[in-house]
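Engineer: Pasting in a structure now, in structure tokens, and then I'll have a few things to ask.
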């Protein structure tokens, strides 16, 4: 890109739509290379999905001078409707296209491409553009240097990034482990029903988060409880493996599996609380001019961790994997406690400075 040309958040959101549309199209190819290109495009789109849209929203919200509290409500509704309700409807619609109507396994990707095209048209026609760093530097390495400097100079940003990576790493590991955890002896389990239950649990969590944020409770305080509950629920498979006898091969879900399912639903509720809460903290601590870059900087260790876990998923017993996730979540509790202490200290110091400044100006 030429010097002086600035890349806006709206353009990044459009790039997300185009990247994912192309990724969906590649699903029609039987060639491995084409499918791998599709996965790379999907990875780029996912990175934009978790950074550009939120950055655009926060910048536009501040530019229009809206009440900061509305931002928390928007995040909660986005998780409730998008990650919960829409996910359930999309799953049912995909099943209808692939199985009931007989269009085949690629049909859901074609439908996704159509919805992405509609979304891109809405963005093009109704969104205004906003930017982060308006300097002339568009070099990727330079941008990451700015992000690294911001993280190193502000402990709150570093703590928030570590918390996010620990929780999301555990969450993505859980996505790959819940099926073998509930059916270790090839028990027949209703995967679709369980997925829908998880989504309903996530919706419940986002609803709880909406109420917590509306009451202006300190996010840093209640998230310690959320992470503690999450650590306990992902430690359940380790406990049930030793205390509950296994079921017969190919039978129905065991009693231990039912206990784990209950714990997993609670964990999904914690996930529903996590998303709007972490978005709220990001809006408070991450500087506006480098928001997207810093958020993507956090995703580097997260993606490396998930890749390592997936590569070695068969090398360790499933109980070890869940135990590792529980340890990571317990570490998140400790870091969240530290974040609360640092943020409280920062607020008190800032209040003292403002008081002193006011006394000097108005003796």
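Each residue, glycine too, has its Cβ placed from N, Cα and C.
Caution: TrEMBL annotation is automatic and unverified by curators.
Positions annotated as transmembrane segment by TrEMBL: 36-57, 78-97, 109-127, 193-213, 225-244, 250-275, 296-312, 318-335.
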Engineer: Any residues 6+ beyond the ends of the transmembrane segment (250-275) with a Cβ under 8 Å from its own?
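Structural biologist: Same-chain contacts beyond the ends: 75, 79-80, 83-84, 167, 171, 174, 178, 181-183, 185-189, 194, 197-199, 201-209, 212, 223, 226-227, 229-230, 232-234, 236-237, 240-241, 243-244.
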Engineer: Below 8 Å between Cβ atoms, which of the listed ranges 78-97, 225-244, 296-312, 318-335 makes the most pairs with the transmembrane segment (193-213)?
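Structural biologist: Top-ranked stretch among 78-97, 225-244, 296-312, 318-335: 78-97.
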Engineer: Which bits of the chain, at least 6 residues beyond where the transmembrane segment (78-97) starts or stops, bring a Cβ under 8 A of a Cβ in it?
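Structural biologist: Residues 103, 107-108, 111, 192, 195-196, 199-200, 202-203, 205-207, 209-210, 272, 275-276.
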Engineer: Could you give the residue numbers and ranges of same-chain residues that sit at least 6 residues beyond the transmembrane segment (318-335) on either side and whose C-beta is under 8 angstroms from one of its C-beta atoms?
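Structural biologist: Cβ under 8 Å, 6 or more out: 159, 162-163, 166-167, 169-170, 173-174, 177, 180-181, 184, 224, 227-228, 230-232, 234-238, 241, 309.
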